[in-house]
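Here the structure comes first, spelled out in structure tokens, and everything after it is commentary.
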Amino acid sequence: MTKYIFITGGVVSSLGKGIAAASLAAILEARGLRVTLIKLDPYINVDPGTMSPFQHGEVFVTNDGAETDLDLGHYERFVKTTMTKRNNFTSGKIYENVIKKERRGDYLGGTVQVIPHITNEIKRCIKLGADAFDVAMVEIGGTVGDIESLPFLEAIRQMRIELGSQRAIFIHLTLVPYIATSGETKTKPTQHSVKELRSIGIQPDVLICRSEKPLSMADRAKIALFTNVEKEAVISLEDANSIYQIPMILHAQHLDEIVVKKLSLEAKQADLSEWQRVVDMQAVQTMTVKIAMVGKYTELNDAYKSINEALLHAGIHTETKVEIIYFDAEMIEKHGALLLESIDAILVPGGFGERGVEGKIKAIQYAREHKVPFLGICLGMQTAVIEFARNVVGLTGANSTEFNKETLYPVLGLISEWMDADGSKQIRDENTDLGGTMRLGGQYCHLAEGTLARKVYGKPQIIERHRHRYEVNNKYVDSLVKHGLIISGRSADNSLVEMIELADHPWFLACQFHPEFTSNPRDSHPLFKEFVLAARIHHQEKDKK
């Protein structure tokens, strides 16, 4: 039977519940347990697919095509379980399910209420995502005290009663601020946060206390006394140099042993050698490279969270310190690509909408003409095609119909038909809703022999995750290829261009998919690893000049 660990957060948001949950999951996995993680988000959106990255951060895409919270990216980077659409539910999705049932008459004319109908649906979704695992860790988004979180908190309160204390426990993550002027840590916010939680019927079994510095035994004893939590179960989680140290920090305080004991789990001792290896490798840096990230959401790093982590992973596996320099594409549009002179490599990530596109095109032109290593992802590949069509093929004004429906040379257009991850045919047009209607999830891609892409991956066929509506217009492929563009990757049915590269460039690759979603610190991703190695070579060549 599945055991449940419910994780809540208090005092302030952005404490790192997702990292803490994923780290504990990694330790439990290292003890031989099958672990999954579920994120419950209180917002009314059905999913984050149409939300602004400035508000939500990146949208993480699962292999089965779900658009989910970025915390699922943390989950996949820390544990080996592949996340699915069952690992993320929002208030909007829960209410949508309940309203559909009400319209069908499933409630037999009854009055539909938050309790029991919404809470029952929340419990059903949790159990659906947890099925067949030894342990399910369920993270409740938001902060205790927020009105939006109340149905979720009520649902997990009920689950604890229904399952019993040996099948469900509560972990509360809270802030213990350090006041520099007095040199003291303050426990009062934590006390009040737990008081708020207890007022709705939830008594935490474990407290994880986020702080700048390790908590003293006296502070831990004080927190334990005022929150009714065992002293050994008050865990100090101070700021770490790397998030990949956190499994070791939690294990050193016996958090996994506390959890195993409370849930009566049979598990071997944790083998964290894999995580120790990652941390040791991260400490070895023989060179620093500067990689330009040219995007439109550069004010918020979380908008490119998985790419940032993928570059970090590549650095770990190449003994490289990767310094990401963020460039607002509109600044390059205004001031030119000479801003990129000191850069060792250029990356243009995905995005939507016309703003900043011309700046991205200028950055790509600079990379092509100056032989700077380049990696384009999703929109990054599309803008690379536009740049090549305009400046090499000579199709002046070439564009995507996403940005200019009247362009004379629509080198990119809306995909009207494709096969979904499960093999079903999807059909779209300009009037289709924006939400949940893109080409999403893992898709097969065939790599052409003798190409850089084939060399990087080392195999003829790959599966990568997609999130897009527009694709290269096959009408212009022959002309592009004739002028030196190499189509190095195509969809399984050969109808869609998935990867491009240049014949006369040392390292120029672009892909329609999102390789960042499958990178992890243990193995890195070949595309990012080779990109960082190319940046190292370019850096060394610059030094010789």
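Glycine is no exception: its Cβ is also placed from the backbone N, Cα and C atoms.
The region 'Amidoligase domain' annotation in Swiss-Prot covers 1-265, and the record cites sequence analysis as its basis.
The number of other Cβ atoms within 10 Å of the Cβ belonging to Gln191 (UTP binding site), over all protein chains shown, comes to 16. In the three-state DSSP classification, Gln191 (UTP binding site) falls within a helix. Annotated UTP binding site per Swiss-Prot: Ser13, Lys186, Thr187, Lys188, Pro189, Thr190, Gln191, Lys222, in sequence order.
All protein chains considered, the CB of Thr190 (UTP binding site) has 27 other CB atoms within 10 Å. If you look up Swiss-Prot, you'll see Ser13, Asp146, Ile147, Glu148, Lys186, Thr187, Lys188, Pro189, Thr190, Gln191, Lys222 marked as CTP binding site.
Taken from Swiss-Prot, the feature ATP binding site covers Ser14, Leu15, Gly16, Lys17, Gly18, Ile19, Asp71, and the record attributes it to sequence analysis. Spatially close to Ile19 (ATP binding site) yet at least six residues away along the chain are His74, Ile243, Ile246, judged by Cβ distances under 8 angstroms. Secondary structure at Ile19 (ATP binding site), taken from DSSP and collapsed to helix, strand or coil, is helix.
DSSP assigns Asp71 (ATP binding site) to a helix. Every protein chain shown contributes to the tally, and the Cβ of Asp71 (ATP binding site) ends up with 25 other Cβ atoms within 10 Å. Positions annotated as Mg(2+) binding site by Swiss-Prot: Asp71, Glu139.
If you average pLDDT over the domain 'Glutamine amidotransferase type-1' (290-541) in this model, you get 91. The feature domain 'Glutamine amidotransferase type-1' is assigned by Swiss-Prot to 290-541, with sequence analysis given as support.
Here Swiss-Prot flags Gly351, Leu379, Gly380, Met381, Gln382, Glu402, Arg469 as L-glutamine binding site. DSSP classifies Gly380 (L-glutamine binding site) as helix under the three-state reduction. Within the same chain, the residues at least 6 positions away from Gly380 (L-glutamine binding site) whose Cβ sits under 8 Å from its Cβ are Leu347, Val348, Pro349, Gly350, Lys360, Ile364, Ala510, listed in sequence order.
The active site, nucleophile annotation in Swiss-Prot covers Cys378 and is backed by sequence analysis. The Cβ of Cys378 (active site, nucleophile) lies under 8 Å from the Cβ of Pro349, Gly350, Gly351, Arg467, His468, Cys511, Gln512, Phe513, His514, each on the same chain and at least six residues away in sequence.
Residues or ranges marked as active site in Swiss-Prot (evidence: sequence analysis): His514 (among others).
In sequence order, Ser306, Ile307, Glu309, Ala310, Ile377, His525, Phe528 are the residues of the chain that are 6 or more apart from Glu516 (active site) and have a CB within less than 8 Å of its CB. Feature annotation from Swiss-Prot assigns active site to Glu516 (among others); the stated evidence is sequence analysis.
For the L-glutamine site, the Cβ centre of Gly351, Leu379, Gly380, Met381, Gln382, Glu402, Arg469 serves as reference, and the other residues of the chain with Cβ at most 8 Å from it are Gly350, Phe352, Cys378, Thr383, Ser400, Leu412, His468, Tyr470.
Of all the binding-site residues in the record (Ser13, Leu15, Gly18, Lys186), the one with the smallest CA separation from Leu379 (L-glutamine binding site) is Gly18. Looking only at the recorded positions Arg469, His514, the densest Cβ neighbourhood within 10 Å occurs at His514.
Fewest other C-beta atoms within 10 Å: among the binding-site residues Lys17, Lys188, Lys222, that description fits Lys188. Other than the site residues Ser14, Leu15, Gly16, Lys17, Gly18, Ile19, Asp71, same-chain residues with C-beta atoms no more than 8 angstroms from the centre of those residues' C-beta atoms, the ATP site, are Gly9, Ala20, Ala21, His74, Leu173. Of Ser13, Glu139, Lys186, Glu402, all annotated as binding-site residues, the residue with the shortest Cα distance to Ile147 (CTP binding site) is Ser13.
For the binding-site residues Ser14, Thr187, the largest tally of other C-beta atoms within 10 A is found at Thr187.
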